[in-house]
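Trainee: In case it's useful when we look at the structure, here is the feature table from TrEMBL:
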- A:C109, A:C114, A:C149, A:C153: [2Fe-2S] cluster binding site (BINDING)
- A:211-223: compositional bias 'Basic and acidic residues' (COMPBIAS)
- A:184-223: region 'Disordered' (REGION)
Amino acid sequence: MANRHLEPDTPELRARWSSFAWTEENRTKADKFIASYPEGRQKSAVMPLLDLAQRQVGTETDTQGWLPLPVMEYVAQYLDMPIIRVVEVATFYFMYNLVPVGKFHVQVCGTTPCMLRGSDDIIAACKKRGMEKGTVSADGLWTLTEVECMGNCATAPMVQINDGNYEDLTVERLDAVLDALAAGGQPSEGTQEPGRHTSEPSGGPTTLKDMVSENHDYRGEWA
Amino acid sequence: MPKVTVDGQEIEVPNGATVLQACELAGKEIPRFCYHERLSIAGNCRMCLVEVKPGPPKPQASCALPATDGQEIRTDSEMVKTAREGVMEFLLINHPLDCPICDQGGECDLQDQSVAYGRGGSRYDRETKRAVTEKNMGPLIKTIMTRCIHCTRCVRFSEEIAGVDEIGALYRGEDMQITTYLEQAASHELSANVIDLCPVGALTSRPYAFEARPWELKKTLSIDVSDAVGANIRLDSRGREVMRALPRINDDVNEEWLSDKGRYMVDGLTKRRLDKVFMRKRGKLVEASWDEAFKAIAAAKPGKNIAAVAGDMVDCETMFAAKALLGAMGSTLLEGRQTGMDYDVSSLAGVNFNSTFSGIENADAILIVGSHVRWEAPLVNVRLRKAAKRGAKIFIVGPEWETTYPATFLGEDLAVLSKLPDAAVSAFNDAERPAIIMGGAALAKGALAAGLAFAAQFRLERDGWNGFNVLHFSAARMGGLMLGYAQAGGMADIAQAKPKVVLSLGADEMNFEPFADALKVYIGHHGDKGAHAADIILPAASYAEKDGTYVNTEGRVQFAEKAVFAPGDAREDWTILRALADALGVSVGFNSFAELQNAMITAVPALGVEGLADYGALPKADAKAKAEGVISAYPIKDFYLTNPIARASAVMQQCSAELLHGDELAEAAE
């Protein structure tokens, strides 16, 4: 993660983003976030507002979105808080992108359970498709990031692409998902293993088997 | 009052104390990096680990753990020893081994504590060390961020004490970096205090970089004369040069902070110095001898037509020596308010900061009249910020300036004093400890009487509280007033008396025009405005080069000691005045500094006692007094260049150019 850095403050960046302002819809959302905190504590809304801003940037650029410095300044001004405090928050959390990303931000989990289940192959497959860590691919579609545990260890390995998780991946399944995305489709999220619904044991339940079909009362069977 | 046991010793600690404070009360030293008495608790360096029972069976960070009744604390157990060694080993994983070229070397917390609590070797010797790019923080703070151990003291200082959120910690974990937004310069008046706070060599002093080692410096206790706060400082000198000024701890005055000007104007002590006697011959200043100069002054035959004007940075002894000389000549033409102010000084309580600095923290409603406190007394501004944090309502009359706390500006017209808006009236009526602070701009407009009327109206003087304050900004002011350096009509009276000889005791801000016919003798240390206008220049000593007594704006008498010798032919001021007495054929009654001090203390006993002078109760106010006029500007135009030493200082000039006029520079470059 050490390669996280802020996009340099250049005249081009200023020219592109200085005029950033909430859309009508997002302004309503932002004010609602602020209103959920007590009077005078509007700063507490910095995280949802940064996320909202990132999404708005994403909509404007047809990507997942990121946070240019002028946009952070806009959020700071909107919340009447020092800009450095906003940048502290934005640089702390990995969910805020500090540099431009592609239309699909492919975040591959590389932590132990995923690694044991083959995340190295997943990363290799991504790279084979032309993705590179931390940069936008030539067609503007992909950005690859290796991230730490996303909490889907039971269905490892997994990737998170923008707001959706794709789990139980193999190289083929990943390719299918990515192909569908590239073609403008919306592949179903969650586990990609046929017959599996969520994170239940693969191959069917091993305990409470009678609960599968009905709300079985086990109490009579207690010895 | 919880009772705790520290290493078997039972002690009672105040409510709300932390385990670390309990250990300190028991006389145990607890190593720490992030914890600082005057900052909020962060608990992120983990150096203060101790063993506490009852509690989890692991070391606890004592700085963030409240002391509770019945705790058994151990600071000497094996667990604590290994914990400290472990933390130290972690801290040193990424800390460079560059002590020999580090300016913090010799006064570095990390260096000292690794010797005392470290394990002597690291098991991480094959790891590569993290390198972090240098961050620009302006002309005063030099950064070597690879050395940073992420204690966040600097972040907390600028947010909590200075009230200027500009330093922050970006990124996270090992990659955390301390920086200002886009590496803009830290540009408030107290920015350099983070250098003292930094426990390692990450933030060091840029002007002092590679100048000296702490152990080769002679330390002299002195008083800052850059403003009227009288901050307690330590002058570190090597040979004949003052290398740096550092704050000393005095909770009543400066706590442990110092303004950037007080800290960094010392390089001006070696520049533009008057180190020879000069006399004006055919319109030009040429070198002369002391004899020649004294003869010329005697030849003017001043008799009782001699006046003395005290500058902003002179000590009481110099002023008293001049007063004694003038007294022997039969003159009382003494004045220190160079810019022509003529406020009433019949009662010194009426021109004093009566609440005291530590007291003003407890005020709950404050009216500031004509004072840019941030520039006129940055350390008082720190106190005001504390008051505001405790809920004080602050109102300001005068042009707007950037406050570091919520404040309401009531406009520039002084007339508002007698017809305050309802919000202010109710705030002062409801206040238990209301206060007013009159600044130089208000005094210049003659608003003192109206301020006293305000004090009477809202009963600012009550049981155990005096809320009437005047905030001066010259270090010599209160001392001068105690010694009678004030005419009823101010400088105008001196000009009207048409003295034959005017002694300017380092007075650089005065207008010399009315004295065109007089022989102007400048007794001072810097070639500034006063020296340019003078007919005779007698080189004298600066505050670092003489013992002296100073009285700050709250009437606190403090002594400063001589750190170095004055350069060249320059002499301590009192010896010049003593010799001048001989030249003029009068007796002043002292032959040594001790005799002079005794005479001064006999004349004004309060100057002999360190601490607050007692000026009695406030003078009776004239209820009908009304203030008029508009405060269009504050007297200080440029924070960094308010006195001759600062004007001679390359560092202060750079600060002024970059921090105050940086935008203009950038425009000129484009």
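Quick reminder: no glycine exception, Cβ is built from N, Cα and C everywhere.
TrEMBL does not curate its annotations; it predicts them automatically.
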Trainee: Could you put numbers on the helix, strand and coil content of the region 'Disordered' (A:184-223), residue by residue per DSSP?
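Mentor: Summed over the region 'Disordered' (A:184-223), the classes give 7 helix, 2 strand, 31 coil.
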Trainee: What does DSSP assign A:C109 ([2Fe-2S] cluster binding site), in three states?
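Mentor: The residue in question, A:C109 ([2Fe-2S] cluster binding site), is strand (DSSP, three-state).
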Trainee: Would you mind checking how many other C-beta atoms are within 10 angstroms of the C-beta on A:C153 ([2Fe-2S] cluster binding site)?
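Mentor: Taking every protein chain into account, the count is 18.
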Trainee: Using the Cβ centroid of A:C109, A:C114, A:C149, A:C153 as the reference point for the [2Fe-2S] cluster site, which residues of the same chain not in that list have Cβ within 8 Å?
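Mentor: Close Cβ neighbours, site residues excluded: A:G110, A:T111, A:T112, A:P113, A:M115, A:S119, A:E148, A:M150, A:G151, A:N152, A:A156, A:P157, A:M158.
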Trainee: Quick one: of A:C109, A:C114, A:C149, which of the binding-site residues has the smallest count of other CB atoms within 10 A?
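Mentor: A:C149, out of the binding-site residues A:C109, A:C114, A:C149, has the fewest neighbouring Cβ atoms within 10 Å.
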